[in-house]
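As recorded in Swiss-Prot, the features of this protein are as follows:
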- 77-88: compositional bias 'Polar residues' (COMPBIAS)
- 77-167: region 'Disordered' (REGION)
- 104-117: compositional bias 'Low complexity' (COMPBIAS)
- 118-131: compositional bias 'Polar residues' (COMPBIAS)
- 330-401: repeat 'WD 1' (REPEAT)
- 404-447: repeat 'WD 2' (REPEAT)
- 499-537: repeat 'WD 3' (REPEAT)
- 541-579: repeat 'WD 4' (REPEAT)
- 626-664: repeat 'WD 5' (REPEAT)
- 708-747: repeat 'WD 6' (REPEAT)
- 753-792: repeat 'WD 7' (REPEAT)
- 816-853: repeat 'WD 8' (REPEAT)
- 859-890: repeat 'WD 9' (REPEAT)
Amino acid sequence: MSISNGWSSSSIISDVLPEEEFEEVEEDELILNENDRLKFRVDELEKIVVAQRNEILLLQSSTVEILRRLQNLEIQDQSRSPTCSGYSSLPRRISGSKSSYTMSPSHAPPRSSHANSKSLYINGMNNNSEEVSPGPPRHRPPTRGSDGMVNVSVGKSARGSPMRKWVSTHDMKDTDRFRRLSTSSEASTSATMNPIVNSVRRLSTTHRQSSPSLLSLCSVISRSPSTSSILRKNNRTCQFSNGSGHLPIFIGGKTVQVPVPTGYENMDPTMDQDPPTMKVTLKHVYSYRGKDVRSNIEMLPTGELVFFSANLVVLMNITGEDRSQRIYHGHTCDVKCITLHPNKILVASGQSSCHSVEKFQKPEHTSPIDSPEDLVRQLEMEHTEAHVRIWDTIKLTTLMVLNGFEKGICHVAFSKTDSGSLLAVVDDSLKHLMSVWNWQKGKREGEVKASNDVVFECKWHPTIRNLIVLYGKGHFSFFNYDPATGVLVKTVATFEGRDKPKTVLSMCFGENDQVVTGDSNGTISIWDPRTCKTTKQAHSVHPGGVYSLTLAKSGKILSGGKDRMVSEWDLQDLVRTRRPIELPDEKGFPRVILQNGSELIIGTSSNTLLFGNIENSTNLTSLIEGDPGNLTFLLTCSSNQLITSSQCGTLRIWNHIDKKVEFSKKFIDSVECVDVDVTNTHIILGFAAGLWIVMNITKQQTIQEKKEGTAPITAVKFAPSGATFAVATKDPHLTIYRIDASKNLLVIARIHHIPAPIVALDFSSDSQYLRGQSIGAHLLFWTKAGEICDGTSVKDVKWGSSRVKIGFETALVAHSSNGQVTAVAQCEDISACGMENGTIRIYKNPVTSVTAGFVELLGHGRIIKSVAFSNKIQLFSCSPTDNSVFEWCLE
């Protein structure tokens with residue numbers, strides 16, 4: 001074949017490449033194409049397998065629930081008259097792909113027209129918004145006297161397969177009150193619902209024992225979806241013999257004999273125990289996440305500062321002295337980012353994923369749901385995949401939920417030039433996908449692979465239409481979005497010169513369309529977004545890197561670096577215009593800077609929020625005090641003090657009435673454990689290097705200190721007598737000390753031959769006995785002199801504290817959760833149990849049933865390290881991994 005100029009195509013190819021090389025290139029291209037096609041087919045097959053597995057689980061749970069309900073109806077039918085048959089109320093399955101709930105269809109939650117989004121309601125928005133209409137269901141009407149069933153769309157899971165819910169997950173109470181509520185209530189998540197609290201009562205033992213093999217298949221839905229670590233249910237039966245005097249519990253395949261006090265010899269662990277009657281609210285959040293995320297604070301026109309901690313988004317009033325808070329409870333896992341809509345009313349927040357098919361288990365059955373609000377709240381709790389929520393800051397109500405993400409949301413941004421109709425979302429997955437959404441419709445308009453490495457932020461340009469700027473580890477790019485086709489065209493920005501930075505760390509926009517970046521070399525660069533080239537640079541202005549940039553109200557740029565300096569720059573000449581502000585060393589370096597008039601708000605790498613005036617930089621105060629290291633302990637002291645410690649060696653004593661830190665001290669080593677004496681005047685600290693210190697709190701003086709060895713201190717505990725205390729190490733061994741009136745240290749007993757390191761200690765109320773729990777779930781007893789005691793001899797001993805998690809008071813909780821209790825506190829007739837999945841359970845004290853009801857508190861995203869009562873109506877909790885500290889009010 002010839003081309004127009006007379007040259008054959010074969011001759012041209014032979015001139016450019018030898019024939020052998022051309023064949024090799026062609027073969028390589030064919031192999032690459034085949035690999036791409038094969039990878040695509042494997043991905044599609046994986047999605048099909050996951051979808052089919054979900055369908056199998058759905059069918060199993062549905063079948064089991066039908067059999068269980070049929071059996072219950074037969075029992076009821078036998079106990080009633082022959083004419084009073086209950087089969088007419090049995091729900092009928094309409095479709096295998098729909099989720100059904102026996103509730104009135106008059107106000108069904110609206111089904112989104114897009115499979116990867118869920119709209120709870122959109123009220124009071126513009127003309128494009130969707131409204132809830134009480135229209136009839138779109139499926140075939142139910143028969144045989146049923147009150148009606150409503151199909152509720154719950155979006156897609158992280159892998160794209162539909163998350164279908166069947167009636168076995170949520171038992172709907174068929175009462176007149178429910179039907180009345182369902183016709184008059186709007187199903188929406190609002191602040192008045194208090195979605196952080198759930199009262200749980202497990203099913204009766206007749207239901208549990210009727211068919212164990214079938215009921216085990218019912219447990220397919222997680223009770224606590226706001227976690228990455230789902231609780232494991234203990235399937236072994238707890239059998240208590242009246243004459244034995246010991247309660248055998250099973251933890252991790254091991255049997256633990258727990259002594260039973262006098263008066264409980266005839267208890268039946270299989271009988272029900274009601275939950276305590278109380279109203280629980282989250283009163284205050286003492287923590288802020290700032291060390292590992294960007295775009296974590298926003299300012300509202302109302303004077304409220306928006307930030308997040310664990311699963312919660314907090315709106316704090318910083319204009320008054322009370323520092324009051326409002327809290328949005330919509331998320332079920334760690335919040336990773338927030339952004340403010342141009343109308344200054346709406347907020348979009350993204351969370352990470354804790355959704356896994358393998359971990360999708362339901363540890364307990366719950367009591368029937370008796371209102372549409374409870375149903376919607378329960379569905380929201382089970383929304384465990386990564387998603388974005390758009391919500392109203394006035395009513396704290398959710399407007400839209402965007403689904404279809406994998407690992408987590410690392411950044412969200414509203415468009416600026418079109419009144420915020422578009423939302424850019426970056427998925428923190430291996431593919432690092434950036435998608436553009438018409439969020440009011442819940443529709444994904446476009447998607448592109450953002451980069452090959454971690455993405456830090458994406459922002460819409462405030463003046464250039466449809467331009468997105470994105471940066472991260474080893475990349476900095478401009479994306480032009482075409483609304484007509486949904487195509488995103490990428491242009492990579494390149495640094496000129498030899499000293500190219502490894503990472504762009506921060507970015508903001510100037511007044512004249514400029515894009516300003518800060519990088520790991522400590523350089524501030526000004527870019528032309530049209531040519532994607534630098535126009536001006538200031539080198540090495542922040543040694544260690546420029547971690548934060550923001551445009552001030554005056555048109556100048558504020559920058560913060562790893563040198564803990566905050567500087568102001570003139571964009572015209574890129575020179576400093578005032579003396580830099582230096583942050584204290586213990587506060588960390590700036591990660592985000594926000595200016596509100598002359599006021600300056602700085603979020604630092606130590607999870608601290610600073611507030612001050614740019615004109616008076618010496619007067620910086622802390623809105624939130626934090627630590628870069630994980631929290632290690634929390635306990636209450638006196639009636640108004642709270643003590644926290646961390647791995648970075650910081651000890652803080654808070655006044656929880658004024659919400660301020662009264663005393664703070666930094667130690668070289670990590671503080672592993674803490675305790676305070678009965679007079680609230682002395683505190684003992686155990687460190688990771690084997691050192692312990694006894695301090696006087698009021699005088700802030702060290703009374704005694706000693707190094708036990710090189711092994712970490714694992715537990716410390718004061719006796720109620722005050723002068724006696726115990727110290728346990730990881731060796732393992734245990735030593736009991738006493739400080740006399742002359743402040744001399746006396747050794748009372750040294751206890752060796754301990755099977756595993758002690759992690760919790762309790763003294764008896766008379767200071768004569770000591771009990772301990774080891775890492776291997778051993779329950780051990782000693783006298784004050786160090787002699788080993790039999791459990792029978794101490795069964796009636798009154799214990800002065802409750803740090804041991806497998807004592808009689810909460811042993812059945814440890815059994816039913818298979819040892820997933822991580823913290824325990826007691827106050828009069830109630831017990832608080834912190835769980836490995838981040839939830840807190842409030843039980844009646846003592847817990848005498850494996851099916852005991854409890855009130856569940858949600859908010860923490862990870863394992864609970866400590867819970868502590870200040871009084872019967874005030875509870876504190878902390879989680880080490882997300883550094884969250886919460887105050888709860890129990891009424």
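From the backbone N, Cα and C atoms, a Cβ is placed for every residue, glycine too.
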Item checked: Average pLDDT across the repeat 'WD 3' (499-537), rounded to a whole number -> 92
Check: When the repeat 'WD 7' (753-792) is classified with DSSP, how many of its residues are helical, how many are strand and how many are coil?
Finding: 2 helix, 19 strand, 19 coil
Next item on the list: Please indicate, using numbers and ranges, the residues of the same chain that are 6 or more beyond the repeat 'WD 6' (708-747) and have a C-beta under 8 Å from a C-beta there.
Entry: 672-679, 682, 684-692, 694, 754, 756-767, 770, 772, 774, 782, 784, 786, 800-801, 803
Notebook entry, point to check: Helix, strand, coil residue numbers for the repeat 'WD 2' (404-447) per DSSP?
Noted result: 0 helix, 24 strand, 20 coil
